[in-house]
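*Asks:* Straight out of Swiss-Prot:
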type: BINDING; residues: CYS213, CYS220, HIS232, CYS236; note: Zn(2+) 1 binding site
type: BINDING; residues: CYS243, CYS250, HIS262, HIS267; note: Zn(2+) 2 binding site
type: REGION; residues: 205-400; note: region 'SBD'
type: ZN_FING; residues: 156-191; note: zinc finger
type: ZN_FING; residues: 208-268; note: zinc finger
Amino acid sequence: MSNRNGGGGGGDYQDVIESLRRTQLIFEEDDNNSSDSAPQANHLSRHQTSNSLVEDMVNHSNGNPPPVPPGITQQQCQIGLTPRMSASPPSAVSTISGTAVLGKTMARVQSNPPGSIPHNTTTTAQGIQSVAPHIPIGGGGATDDSSAEILSVFECPVCLEYMLPPYMQCSSGHLVCSNCRPKLQCCPTCRGPTPSVRNLGLEKIANTVRFPCKFSTSGCPLNFHHADKTEHEELCEFRPYCCPCPGASCKWQGGLSDVMEHLKKIHKSITTLQGEDIVFLATDINLPGAVDWVMMQSCFDYNFMLVLEKQEKYDPAQPTQMFYAVVQLIGSKKEADNFVYRLELSASRRRMSWEATPRSIHEGVVVAIQQSDCLAFDSNAAQLFAENGNLGINVTISRIDTPQRRHPNELENSDLEYD
């Protein structure tokens, strides 16, 4: 086996040199039989080229790379000169697209540092390494086109949302999301039986993919692992806002910037008070049935909605009425976490208070009322603080980063003196 550097075993090159010498003799014999001046010039040109090429090949057999002779193309130099593969591994592995000739390449070469191994490499019997492209899935380094192509595999053909595990496919391999599958009688793609075979391989791939938020078209720039995607979307500040008024009569949805305009245009009866401390006066609290009282409070360049809701509790033993008071911010949950509200009932040396973080209108007040995560009291307690059927609630809203105001009668540990 020959050495690519020409350090020994140059039999291949000697054969080529001998062939070129014979060609040179043929050129000289042809030129001796010619007496024309033009052929003589041609003879000199061929003779010089042949001598130069022979000298270059001799130099290369001694370890010097041959230059391309004038008048002869690189392709002509390749004829009969392709060396055998070296027995010793190269110092650097290259991903080559083209033909290797005398230690050079005729096309683009992408080199890797010595000792490194490219991704997905396989070695053939001739010692040539073939390299398959490594495409990152949904992570840094993947192009937008490749990421979009991979994500398209997870699109449900019915709702066009991204499917989350578990993945169920039909006998033909067609997928449908878990939300749409119970509503289908057959596969929406091939009309075969409803997808019922679990695709475990796709679930493993999904663990490496970052899925965009459902509301990315509305401006959300975040991507998530499939396990965190649903939780984020429930509180994403880019999701459509529902009408914050209690009750199910208004089905409006829109952007955050449109909420106040909707309230002023559709719910004109709602009163807005300015300031951090106001009195929320609910009139006619003795009205039968379920009743809601709503008021707006504007401060710190934000708008808050105050809700007092009365519900009938149909207990066969003792029917009662319950009141629930809560404050929600016209904004996101992240913004709501910057504030604290305080509700207080006081009359005849009695006082009842509640302090908490405002609810975001994304969260609504339904869950807070169901869990009694608000100021809750029954009709008997309401009568203790009401006057002529009207109930006044003191509402104070404070920023968390500012000292909160205290009631004059409240004492803290710092106010106590010890002997």
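Glycine is no exception: its Cβ is also placed from the backbone N, Cα and C atoms.
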*Asks:* Do you see any of the binding-site residues CYS243, CYS250, HIS262, HIS267 whose C-alpha is within 10 Å of CYS213 (Zn(2+) 1 binding site), and which ones?
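*Replies:* None, since no candidate lies within 10 Å.
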*Asks:* If you average the pLDDT over the region 'SBD' (205-400), what number do you get?
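*Replies:* That region's mean pLDDT is 89.
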*Asks:* Would you kindly list the residues that approach the zinc finger (156-191) from elsewhere in its chain, counting only those six or more residues past its ends and only Cβ-Cβ distances under 8 Å?
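*Replies:* Result: 197-199, 202-203, 206, 211-212, 214, 226, 229-230.
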*Asks:* Between HIS267 (Zn(2+) 2 binding site) and HIS232 (Zn(2+) 1 binding site), how many Å separate their Cα atoms?
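*Replies:* A Cα-Cα distance of 30 Å.
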*Asks:* Could you give me three numbers for the zinc finger (208-268), the DSSP helix, strand and coil residue counts?
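*Replies:* Secondary-structure breakdown of the zinc finger (208-268): 24 helix, 8 strand, 29 coil.
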*Asks:* Using Cβ atoms only, which residues of the same chain lie under 8 Å from HIS232 (Zn(2+) 1 binding site) while being at least 6 residues apart in sequence?
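*Replies:* Listed in sequence order: CYS213, LEU222, PHE224.
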*Asks:* Return only the integer: C-alpha distance in Å from CYS250 (Zn(2+) 2 binding site) to CYS236 (Zn(2+) 1 binding site).
*Replies:* 22
